[in-house]
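Just lifted these from Swiss-Prot, have a look:
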- GLU11, LEU12, GLU71, ASP277, LYS349, ARG356, ARG357: N(1)-(5-phospho-beta-D-ribosyl)glycinamide binding site (BINDING)
- ARG103, LYS144, SER149, SER150, GLY151, LYS152, GLY153, GLN154, GLU184, GLU185, PHE186, ILE187, GLU192: ATP binding site (BINDING)
- 108-300: domain 'ATP-grasp' (DOMAIN)
- GLU257, GLU270: Mg(2+) binding site (BINDING)
Amino acid sequence: MKKILLLGSGELGKEFVISAQRKGQHVIACDSYAGAPAMQVADEFEVFDMLDGEALERVVEKHHPDIIVPEIEAIRTERLYDFEKEGIQVVPSARAVNFTMNRKAIRDLAAKELGLKTANYFYAKTLDELKEAAAKIGFPCVVKPLMSSSGKGQSLVKSADELEHAWEYGCSGSRGDIRELIIEEFIKFDSEITLLTVTQKNGPTLFCPPIGHVQKGGDYRESFQPAHIDPAHLKEAEEMAEKVTRALTGAGLWGVEFFLSHENGVYFSELSPRPHDTGMVTLAGTQNLNEFELHLRAVLGLPIPGIKQERIGASAVILSPIASQERPQYRGMEEVTKEEDTYLRIFGKPFTRVNRRMGVVLCYAPLNSDLDALRDKAKRIAEKVEVY
């Protein structure tokens with residue numbers, strides 16, 4: 001049995017904890033608020049600000065974990081190097097977590113060091129720098145914080161008149177203490193995919209069937225698997241994913257995102273060194289091993305006999321229309337559970353924000369079924385659930 005310190009306790013962390021406990025592991029779930037989803041199923045929990053390096057060190061000293069598994073971006077990541085030197089396994093590695101928590105580090109690694117094709121981009125520390133960069137890139141363009149999650153602070157800017165708002169919105173959505181934005185050209189893509197990539201301690205890099213997804217405001221709204229893409233584009237995406245994960249080092253599951261264009265090919269977008277929100281579709285049994293089981297096996301060094309597509313799947317998120325500190329209630333579960341070949345996951349978040357992701361509907365069907373119809377089904381069912 002290993003003692004695992006989970007940094008971040010959202011819905012992805014909750015599913016990881018469930019997988020870990022099924023393999024007899026001991027998990028301490030951490031987050032900045034009590035009652036977070038993963039805490040509800042963990043052996044122990046800690047509530048503290050993970051951007052506070054001293055608080056993080058105190059928790060590590062208290063629990064003496066064998067493994068540290070980051071689940072969110074807002075962590076004092078430079079401390080992870082020290083923990084790794086002390087013999088604690090950081091997943092997938094301290095280098096990987098440190099690079100990917102900051103869009104500047106990962107974009108420069110991908111574009112400048114590894115030569116991956118990306119959108120043209122600049123950085124801006126002031127509004128004036130943002131205006132200068134926009135003049136070079138042109139409109140429309142995309143403005144994002146260097147550190148954020150779930151699309152927070154991200155905007156599509158269509159004219160110079162919108163830059164001041166984009167600057168303020170970007171800074172307000174930034175996680176951590178970094179006040180710098182990335183501005184990038186808007187790629188006219190036909191689709192975007194997540195390629196779940198598994199790096200192992202002993203074994204080859206593995207890839208899950210590609211996951212298509214739809215975002216709104218930079219935040220995941222639906223995903224489906226397998227995404228139907230050009231085999232040549234898939235091969236190119238796999239080569240890019242293997243290149244960047246190898247450079248970052250370590251064992252675990254990664255969510256590597258790409259833009260696909262019939263005209264211009266494959267563009268690397270970004271990656272997360274952990275299970276991905278769009279990968280929740282694998283909870284519909286689309287694969288022989290879902291993304292959380294794959295992550296756990298890679299972390300523990302357990303064999304992965306291969307990844308097989310078992311059936312098609314689609315997910316659609318359930319959002320909160322309200323903001324409240326009261327524990328949320330849900331209507332419509334009876335209607336949802338009448339549906340065949342459908343799972344409902346309510347994450348158990350103790351309070352709401354407007355558009356906060358509170359649950360997900362997962363639908364599945366046999367291979368070679370109509371994927372578009374399945375996507376429509378998942379969205380229709382998700383709309384039946386009301387958060388109040």
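A Cβ is built for glycine as well, from the same backbone N, Cα and C atoms used for every other residue.
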To see if you understand the setup: which same-chain residues, six or more apart in sequence, place their Cβ under 8 Å from that of LYS349 (N(1)-(5-phospho-beta-D-ribosyl)glycinamide binding site)?
GLU11, ALA36, PRO37, PRO328, ARG356, MET358
Find, among the binding-site residues listed as GLU11, GLU192, GLU270, the one whose Cβ has the highest number of other Cβ atoms within 10 Å in the structure shown.
GLU11
Restricting to the domain 'ATP-grasp' (108-300), what is the model's mean pLDDT?
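A mean pLDDT of 95 is what the model gives the domain 'ATP-grasp' (108-300).
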I'd like to confirm something. Which of the binding-site residues, LEU12, GLU71, GLU270, has a Cα closest to the Cα of GLU184 (ATP binding site)?
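With Cα distances computed to GLU184 (ATP binding site), the winner among LEU12, GLU71, GLU270 is GLU270.
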Is it possible to get the count of other C-beta atoms within 10 angstroms of the C-beta of GLU257 (Mg(2+) binding site)?
21
If we count other C-beta atoms within 10 Å, could you say which of the binding-site residues GLU71, GLU184, ASP277 has the fewest?
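Output over binding-site residues GLU71, GLU184, ASP277: least Cβ neighbours within 10 Å is GLU184.
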Anything within 10 Å of ARG103 (ATP binding site)? Look among the binding-site residues LEU12, GLU71, GLU257, GLU270, ASP277, ARG357, comparing CA atoms, and list what you find.
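Cα within 10 Å of ARG103 (ATP binding site): GLU270.
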